[in-house]
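Undergrad: Before we start, here is the structure in question, set down as structure tokens.
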Amino acid sequence: MADEPLVLGIETSCDETGVGIVHGHTLLADAVASSVEEHARFGGVVPEVASRAHLEAMVPTIRRALKDAGVAASDLDGIAVTAGPGLAGALLVGVSAAKAYAYALGKPLYGVNHLASHICVDQLEHGALPEPTMALLVSGGHSSLLLTTDITSDVRPLGSTIDDAAGEAFDKVARVLGLGFPGGPAVDRYARDGDPKAIRFPRGLTGPRDPVYDFSFSGLKTAVARWVEERRREGADVPIADVAASFQEAVTDVLTRKAIRACKDHGVEHLMIGGGVAANSRLRAMAQRRCADAGIELRVPRPKLCTDNGAMVAALGAEMVARGRSASDWDLPADSSLPVTEPHVPGRTPATAPGHHH
Ligand code: KG4
Ligand code: ZN
């Protein structure tokens, strides 16, 4: 234990300024400053507002994390930072701060992938990730099934959403129901008092000819909006709890069905669910039951580690150190469209030079 890496991680890909500190698989600090309130009246994250909020929150959040962990910055073995994907300006604040701290302290810098971090964070909850692990990654920007045998170097996408991400669908349905932003937690709350069988909403891409591991939530979102509009046009009350519960049931049914199918098809016995939507209470309960029935071991971190945070970045950074991955160069770029297949970002090497992708 004594020689496990002590790593500080910085996350600024969206609206949370997260700074976490881990010692190997042990969580020492998880400081998060959110600008979500500042975006609420716009109904979505405003990039410029997020960047400025990160700038203001960065140094105080780093100080708070160090104080919570009871460690001195000089004791750190490395500084990890989200290099992408995410909002370009927001990422840049984190990457710049990480470079400044790493350079000033004489510590190695590790640029890591936000999506791989959402998976790796589970090591803080349940210990070393089994190899292989199937990961269902469901957040505001992504919904994918990923097969990983080494979270620092091998993340293979099996399928992903062809339109909206799962979290995006939650946010849009919440808006239709007038539940505010962000919508996921509100839909989750209202759904507790609703009947999940009240309305049968469509399960996207579950037909016999549909791609097995891809998702689609745009049709579901539209179906919910139409159903609600229809009621309003008739002058009837909208049963918010029933709509929330029925929508949530459709999302979680498809997510868990496809995740378990992927595990079975690939002979994988461990399913990990990560990303903000993994905080959803119904998804957690349904996955628990269906995995138990299928003989699959389920790993889902506590809700606070599912939504964006710095501890997940520190967890992946610590894994990079433990596995002897090279530190990133000082020219490490913030890459808003970093592919999930690149968990580790070494620097502005040819592979990540501008112009190569998308
Ligand atoms: O991972 P995350 O914090 O940020 C991204 O990387 O996107 O995910 C944010 C998303 C939002 O769409 C939010 O509505 C959703 O996660 N979310 C939830 C819950 N908590 C957060 N969705 C459903 N149920 C929840 N309890
Ligand atoms: Zn995220």
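Quick reminder: no glycine exception, Cβ is built from N, Cα and C everywhere.
Note that the coordinates shown come from a computational prediction; the quantities given were computed from them, not determined experimentally.
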Undergrad: From Asp150, Asp154, Asp171, grab the residue that TrEMBL records in the same substrate site as Leu137, Val138, Ser139, Gly140, Gly141, Gly184, Asp188, Asn280.
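TA: Answer per TrEMBL: Asp171.
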Undergrad: TrEMBL has His114, His118 down as binding Fe cation; which of Asp293, Asp308, Asp329 does it also list for that site?
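TA: Among the candidates, TrEMBL records only Asp308 at this Fe cation site.
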Undergrad: Go through His114, His118, the listed binding-site residues, and name the one with the sparsest Cβ surroundings, counting other Cβ atoms within 10 Å.
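TA: Output over binding-site residues His114, His118: least Cβ neighbours within 10 Å is His114.
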Undergrad: Taking only the Cα atoms, work out how far Ser139 (substrate binding site) lies from His118 (Fe cation binding site), in Å, as a whole number.
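TA: That comes out at 9 Å between the alpha carbons.
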Undergrad: With Cβ-Cβ distance below 8 Å and at least 6 positions apart along the chain, what are the contacts of Gly184 (substrate binding site)? List them in sequence order.
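TA: Counting only residues 6 or more apart in sequence, the Cβ neighbours of Gly184 (substrate binding site) under 8 Å are Gly167, Phe170, Asp171, Ala174, Gly276, Val277, Ala279, Asn280.
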Undergrad: Within a 10 Å radius of its Cβ, which of these binding-site residues (Ser139, Asn280) has the fewest neighbouring Cβ atoms?
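TA: So among Ser139, Asn280, the binding-site residues given, the one with the fewest Cβ atoms within 10 Å is Ser139.
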Undergrad: Across the domain 'Gcp-like' (27-314), what does the mean pLDDT come to, as a whole number?
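TA: Averaged over the domain 'Gcp-like' (27-314), per-residue pLDDT gives 97.
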Undergrad: What are the non-local neighbours of Gly141 (substrate binding site), defined as same-chain residues 6+ apart in sequence with CB under 8 A from its CB?
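TA: Spatial neighbours, sequence-distant, of Gly141 (substrate binding site): Cys14, Pro85, Gly86, Ala165, Gly167, Glu168.
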Undergrad: Could you tell me which of the binding-site residues Leu137, Gly141, Gly184, Asn280 have their C-beta within a distance under 6 angstroms of some atom of ligand 2?
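TA: List returned for ligand 2: none.
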